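What follows is a short report on a single structure.
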Amino acid sequence: MGSGISAEDKELARRSKELEKKLQEDADKEAKTVKLLLLGAGESGKSTIVKQMKIIHQDGYSPEECLEFKSVIYGNVLQSILAIIRAMSTLGIDYAEPSCADAGRQLNNLADSTEEGTMPPELVDVIRKLWKDGGVQACFDRAAEFQLNDSASYYLNQLDRITDPNYLPNEQDVLRSRVKTTGIIETKFSVKDLNFRMFDVGGQRSERKKWIHCFEGVTCIIFCAALSAYDMVLVEDDEVNRMHESLHLFNSICNHKFFAATSIVLFLNKKDLFEEKIKKVHLSICFPEYDGNNSYEDAGNYIKSQFLDLNMRKDVKEIYSHMTCATDTQNVKFVFDAVTDIIIKENLKDCGLF
């Protein structure tokens, strides 16, 4: 009698081999998957980083997708000019041109009656007139004393272009548009043979409780902090300085037990706005003990040290930091390349190959 393998055994062996191959393929794919968590306080630029990933590592924004942002941009313009006009009353600032008081009242009436996300000609005329007023500009210069979108002057200075009947938002317009992030937004893309899953979560206090669901298996955290927020208060609590809130949040994340083995990269964002602001507003408004030079370099390095000094495990955990401008595609591309290299290096370390 021969001891040949039965057809059934052969089939079982074939299936077993197929399963092993599938498991190995899944393991290889998982090893190449990077779970990236974007954290930071509200309005620190996280969502702009996500948009940049679409521009840099996906196919960018199609004309149709850009057009979808038109109503968001118009909404941002209206919110911005309304915020300035309301702040004039709060701060006791008068219009330079008395006739602008009527324009201010007209703005409020039109804002109530205009369909959301549209910009009819009479509304454009009123906004244009108000934005040219010296009193409105004086109020804008005190924007740190009230809540105003960073993109306010960008859009208002280009009102004629963005209200043209044939207006199609460009990538910079899209990058500067602001919609509050609620919940968790996932973006997938590939870089240097790695598959990224990037999670952007809402930064306002009410949104943070949702972060916990993203914690497991995170490869890297990018923490965004707005350099320019050193003289500003929170949207949700006007008693709390935004920079102090950001430091408090960073402290809780970089020293959290969940992230003991997670790479952390600090994006000190909005460096362009910070460079302009530091010429006018001393850093001591946020850090009373600071008596250094009020230059971009010295003040920026001081803020960086405030964050990095919070790391309680400096001997075993390095925190990588970069000064960034999230609306500058080339800057984000350069910095994200560096982040990818850090992730590759850390993965090699984990495998004992570095």
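Glycine too: its Cβ is placed from the backbone N, Cα and C atoms.
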Fill in: Residues flagged as region 'G3 motif' in Swiss-Prot, choosing from 96-105, 196-205, 206-215, 246-255
196-205
Worksheet item: region 'G2 motif' per Swiss-Prot sits at which of 128-136, 173-181, 290-298, 344-352?
Response: 173-181
Item to complete: Among 73-80, 233-240, 265-272, 305-312, find the range that Swiss-Prot records as region 'G4 motif'.
Response: 265-272
Discussion item. Of the ranges 108-113, 156-161, 186-191, 324-329, which one does Swiss-Prot flag as region 'G5 motif'?
Written reply: 324-329
Worksheet, complete the sentence: Per the Cβ under 8 Å criterion, with at least 6 residues separating them from its ends, the region 'G5 motif' (324-329) contacts 45, 48-49, 52, 55-56, 171-172, 175-176, 224, 267-272, 335
Discussion item. Return the count of C-beta atoms lying within 10 angstroms of the C-beta of VAL201 (GTP binding site), excluding that atom itself.
Written reply: 20
Worksheet entry | Average model confidence [pLDDT] within the region 'G2 motif' (173-181) | 92
Item to complete: Based on DSSP, name the secondary structure state of ALA326 (GTP binding site): helix, strand or coil.
Response: coil
Fill in: Cβ-based isolation winner (fewest other Cβ atoms within 10 Å) among the binding-site residues SER44, THR181
THR181
Fill in: Listed binding-site residues (LEU175, VAL179, ALA326), ranked by Cβ neighbours within 10 Å, top entry
ALA326
Worksheet item: Which of the three DSSP-derived classes (helix, strand, coil) applies to VAL179 (GTP binding site)?
Response: coil
